[in-house]
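Before any comments, here is the structure.
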């Protein structure tokens, strides 16, 4: 089942890359310069890093039947906190630590609304999605705060052979994979996502688990926010991380994790995030007119989602009929 | 018996699931105006046969004739359009909609293009009246107990003027009166010429209502019999294909207790408004305490309070004389060695999308916390052990639990709790909706566990089962604990009398 779920996002990614290759034969070319790797593929990785990181946090939230709409706002707050602090003191390390601390608090707030007060996740996180940019605005006093700090610049724009941003995101991905699959956390998260009541009666600390995933999602958003603002050396409360929650949710869904919670796939999320970023890049490479960019993106997303639809996928792969499986599960 | 041609004629039916032959060369006939019981153990293929007939499962081979003409339904909707209505074992209705909306869902009367609420409620009321149900058609379905929901599901099936009515274990959650009511309806329908296919685990009901019986075993046809010509023993051995010894092994085991005077668990004035009135209860190690009472008498509610699944308004629970943390919930109870296997395995028992292995070790894992994963080898050994011991089929740890049949799911749930080595095991309807063989097996397991020193609180709607298995019986009525019986006083007749009258000559408590 997992294999067929991963098949389509993988194929979509390959197809997009091939399309790029046809239009722009130098697309796969990589250059080594000053010990840094350059090229379109590297750009995709670097620009996709924030989305991947946020999608990673989102995957776990979605696995518990939740959703986090506030990730973009949290990213903006992280950038705002960091840049205003650097602007006044020049201390980048403290600034970033402070920003991530704030993100943990924001995650605790989301988790409190969902796990303790039992508010529907989409509503609970909508609060911070709306209020968050206001907070960021307050911090930057409505200005775009620019900073010039070499250390901070490394986070989003630095290279360690590969872009540092993608190294951070991949490290986070590997860490999450290890923590959730080598311990029982993954199984418990899925269990809470599939059947919260049964999990509670089995003694699972559902509340703690749900709370944790929201904090983790906020932390991921925070780091992504650092990357975004570091990349431009500025905090823009209005547009940093704007609509990134949609890209992240899309990445998770394209990766085959169901919004209804339960089984999740981190590999799927990785493929999903890369697909989305490649799509964005493709729009520029093949010269889609700016006014139809969104339509083009929408078209590709619709195709990928259709290919994964329970009624379409089996016809294409001749896998066991999902209808049967569903019915059997309903028994 | 009937020599008119069969209404439904299924021949040489093969159905396969990935890796499993669910049905192999099964024939099945259904005549108009008869009640035909379909019998078999868990996983025998009863539900699969029904789903093959109603177009849910595609056929690998074989053909279905309806009224002599070959048919092939691509889905349940087409089967229903052809007059085949199904009521499934577990109620598949929308609890957030009203009773009337559920009954007429998809067939709402319309006026000027919009749904005509008044006509809909009136039509639903007529149907409910025909079934002798006095509930408000405008009330939300979820506000009614499961038994009533089940009857509403039947009303919905009847509402389409079905020629074939399939009832997949309709009685498993009904009490005696409701079963009688259901059978009255079935008889009316039979007299009207409807062919009724009836799946049940209650042998007595087969003899009460059915004209013919078809028995399946392991996906194969054992035979088709006229009910009147088939003895109970023959029926049971046709179903389980082995001697009946195991049933007798579980004998009454009263009066051999109790060496240990200090109770393992004591409940003092435990109660919750709207659930159960404050009660006292003691359970000793090695003792099986049965809870008897009608549906809605507070059996499940009592168990949930003991376990902390619901919060008590009054009173407290003590294990070994020490009170459980007031707001500790299930984790506090689990930490003290109390396990609770809930009644509704689909809603609050199993995690359907996870594997058999994950479901089995879930409680153990939860107790250890997420960081200390149960080592793979330990998990495998435990899972292997209970797959064998409880005879779970298929014996595949990686099977998704939702794909197992009801009885096997129940066994997986039981295994989850046994793995935690509880000192008190609360079993709420562990034998509901499962077949004779599995039922006897579970009873035997319970008896063995008690013999090994585990305390068991056993809840079942089947009074005979409670009486047979329990050392002591707590009788509930209208959400009150009314009596405790033990020894020779704890017979079916005595309990029945208590439940019926609410008073007793023996030892009434209130």
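Just so you know, glycine gets a Cβ as well, placed from its N, Cα and C.
Here the transmembrane segment (A:44-62) has Cβ contacts under 8 Å with residues 68, 71, 75, 121, 162-163, 165-166, 168-170, 172-173, 176, 180, 189, 213-214, 216-221, 223-225, 227-228, 241, 244-245, 247-249, 251-252, 255, 257-259, 261, 264-266, 269-270, 272-274, 276-278, 280-281 of the same chain, all six or more residues outside its ends. Annotation source TrEMBL lists transmembrane segment at A:44-62 (among others).
Annotation comment: TrEMBL describes A:69-87 (among others) as transmembrane segment.
Here TrEMBL flags A:93-115 (among others) as transmembrane segment.
Summarising the annotation, TrEMBL assigns transmembrane segment to A:122-139 (among others).
The feature transmembrane segment is assigned by TrEMBL to A:159-179 (among others). Cβ atoms under 8 Å from those of the transmembrane segment (A:159-179) belong to residues 35-37, 42, 45-46, 48-50, 52-53, 56, 60, 185, 220, 223, 227, 231, 266, 269-270 of the same chain, restricted to positions at least 6 beyond its ends.
TrEMBL lists A:209-228 (among others) with the feature transmembrane segment.
Non-local neighbours of the transmembrane segment (A:240-259) in the same chain are 2, 5-6, 9, 12, 50-52, 54-55, 57-59, 62-63, 67-76, 79, 129, 136, 221, 224-225, 228-229, 265, 267-273, 275-276, 301, 304-305, 308; each lies 6+ residues outside the stretch with a CB under 8 Å from one of its CB atoms. Annotation comment: TrEMBL describes A:240-259 (among others) as transmembrane segment.
Positions annotated as transmembrane segment by TrEMBL: A:266-286 (among others). Packing against the transmembrane segment (A:266-286) from elsewhere in the chain are residues 5-6, 9-10, 12-13, 16-17, 19-20, 23-24, 27, 40, 43-45, 47-48, 51-52, 55-56, 58-59, 173, 176-177, 180, 247-248, 250-257, 293, 296-297, 300-301, 304: each is 6 or more residues past its ends and has a CB under 8 Å from a CB in it.
Among the features that TrEMBL reports, transmembrane segment is placed at A:292-309 (among others).
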Can you see whether the transmembrane segment (A:93-115) and the transmembrane segment (A:292-309) are touching - at least 3 CB pairs under 8 angstroms, only pairs 6 or more apart in sequence? no
Sequence-distant residues near the transmembrane segment (A:292-309) by C-beta distance (under 8 Å, 6 or more away from its ends) are 5, 8-9, 11-12, 16, 250, 253-254, 256, 275, 279-280, 283, 316
With Cβ-Cβ distances below 8 Å as the criterion, list the same-chain residues six or more beyond the ends of the transmembrane segment (A:209-228) that contact it, or say none. 49-51, 53-54, 56-58, 60-61, 63-64, 66, 68, 70-72, 74-79, 82, 96, 99-100, 102-104, 106-108, 110-112, 114-116, 152, 155-156, 165, 168, 172, 185, 188-189, 192, 240-241, 244
State the residues, same chain only, that lie 6 or more residues beyond the ends of the transmembrane segment (A:69-87) and have a CB under 8 A from a CB inside it; answer 'none' if no residue qualifies. 50, 54, 57-58, 94-96, 98-100, 102-103, 106-107, 110, 122, 125-133, 135-137, 139-140, 145-147, 149, 152, 217-218, 220-226, 228-229, 234-238, 240-245, 248
